[in-house]
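Quick notes on the structure that follows.
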Amino acid sequence: MMQYQNGSSGLALSPLLINGFLPFLVFVKIIAGLCTTRTCLKAQDKAETVIVDGIRLGVFPDVVTYNTLIDAYCRFVSFDAGYSVLYRMREAGIIPDVVSYNTLISAAARKCFLSKSLDLFDEMLQRGINPDVWSYNIVMHCLFNIVKPDEANRVFMDIVLGEFWPSPATYNVMINGPCKNGYVNNALSLFRNLQRHGFVPQVLTYNALINGLCKARRMGAARSILREFREMGYEPNAITYTTVMKCCFQCSKFEEGLEILYEMRSKGYTFDGFAYCTVVAALIKTGRIEEANEIIEQMQSNGIEPDLVSYNTLINLYCRQGRLEDALKLLDEIEKEGLECDKYTHTIIIHGLCMAGNFVGAQQHLNYMNTLGFGFNLVAVNCILDGLGKAGHIDHAMRLFEAMEVKDAFTYTILVHNLCRARRFLSASKLLVSYLKCGFKILRSTQRAVIDGLISIGFTNESRKLKSKIRLARFLH
């Protein structure tokens, strides 16, 4: 078969296209194939060139062709490139439709151009294009993301009272959105109302509600919804399990979280790197170092490439085990992988050095951080302060405290507790008073430690005076 090589597109076009007989569907498929190629601008340029070649040869694109191009530019090039296709459509005499605008509104929302999404919705209305339920869903999603739940709810009522029938995606948005905005009760109430009216929730709906309840730390309600989820005949997926497991760990319910982990593993589910790290961090907190090692080995055997969060978790594990050399080697490995250590990475190392009693090394690493441009790291300095106190170097800790230009509530709490540990209760009391004058909130455990300490050494009057000052500070602040 004779082939015609078009100089502009670089594509071989058959005689059928030359003579205008190529079925239009095939033409659209060529455009779609080029547009879904992830070679960024070159493939999309070729797609546009094919459109030009087609017009020259009598095969004219329609709105579907251009919508395919808009989607490709938005996904693989930029939002602006996708938006510019609207102008070329109008130049070609093709009027954009609701799909054109929905594609752009979705793309803007994906890239967090939320106000742009809302502007596009207004533009669509001004041009006389009627939105569909998908358009409204995107707008509600954007309004929830910019924390305008009342406006999102008004849009929802427009759908319910208007000509559209809400889709399952609409209900998912209306459950997920309030959860993200902290209105979990509203989401739960809507969920129950929908169920009473015959709505059958999807896995995505349950996951959204469980996630919202977990973020609100309503562990009991989340577990209850999970049970209902199973009773409805659904099988929780990896996202469901991981969400509830993370919530358990955040609520310090480590045993419950680990139960979910073991159930998840028994069902053959795997997790992403972040979930693995969450588990490892929880195991480290509960002192289950051997199990943490097993999870790390499992992560590596499953071929999950470690990211910086994974490395930080592993460094923390090594520091807890006293394997400082292994922890420091990982810093080199991070650089070899093309990653950059963050402030948290260095803070873990400093904490590890303090745990090992190497305060000179900790200070040197803190200075090294400054040379890297991280600036002052209060968390790291607090680690050194705490390490010195716990190691019995309380005078050194006091000198460091006095030299610190920036202090926070943790700084004061650390030193007060360490002064109490050293039975220097009068010094702890004076520090607590200055702590009050700075307007910081005092933990009850900190107050109790100092007051009980003063009483134990016979300074009952001082303990009474301190109680009065604490009450006055509560009244003033």
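Numbering starts at 1 and runs along the chain as it is shown here.
Cβ from N, Cα, C; glycine included.
Annotation comment: TrEMBL describes 62-96 (among others) as repeat 'PPR'.
Feature annotation from TrEMBL assigns repeat 'PPR' to 97-131 (among others). The helix, strand and coil residue counts that DSSP assigns across the repeat 'PPR' (97-131) are 26 helix, 0 strand, 9 coil.
Look at TrEMBL and you will find 167-201 (among others) tagged as repeat 'PPR'. A Cβ distance under 8 Å defines the sequence-distant neighbours of the repeat 'PPR' (167-201), meaning residues of its chain 6+ beyond its ends; these are 133-134, 136-137, 140-141, 143-145, 147, 149, 152-153, 156, 159, 208-209, 211-213, 215-216, 218, 221, 232.
TrEMBL lists 202-236 (among others) with the feature repeat 'PPR'. Residues 168, 171-172, 175-176, 178-180, 182, 184, 187-188, 191, 243-244, 246-248, 250-251, 253, 256 of the same chain, all 6+ positions outside the repeat 'PPR' (202-236), place their C-beta atoms under 8 angstroms from a C-beta of that stretch.
Listed as Cβ neighbours of the repeat 'PPR' (237-271) (distance under 8 Å, sequence separation of 6 or more from its ends, same chain) are residues 203, 206-207, 210-211, 213-215, 217, 219, 222-223, 226, 229, 278-279, 281-283, 285-286, 302. Summarising the annotation, TrEMBL assigns repeat 'PPR' to 237-271 (among others).
Annotation source TrEMBL lists repeat 'PPR' at 272-306 (among others). Looking only at the repeat 'PPR' (272-306), the predicted model's pLDDT averages out at 76.
According to DSSP, the secondary structure content of the repeat 'PPR' (307-341) in residues is 26 helix, 0 strand, 9 coil. Taken from TrEMBL, the feature repeat 'PPR' covers 307-341 (among others).
Annotation comment: TrEMBL describes 377-411 (among others) as repeat 'PPR'.
TrEMBL lists 12-32 with the feature transmembrane segment.
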Long-range Cβ neighbours of the repeat 'PPR' (272-306) (under 8 Å; 6 or more residues past either end): 242, 245-246, 249, 254, 257-258, 261, 312-314, 316-317, 320-321, 337
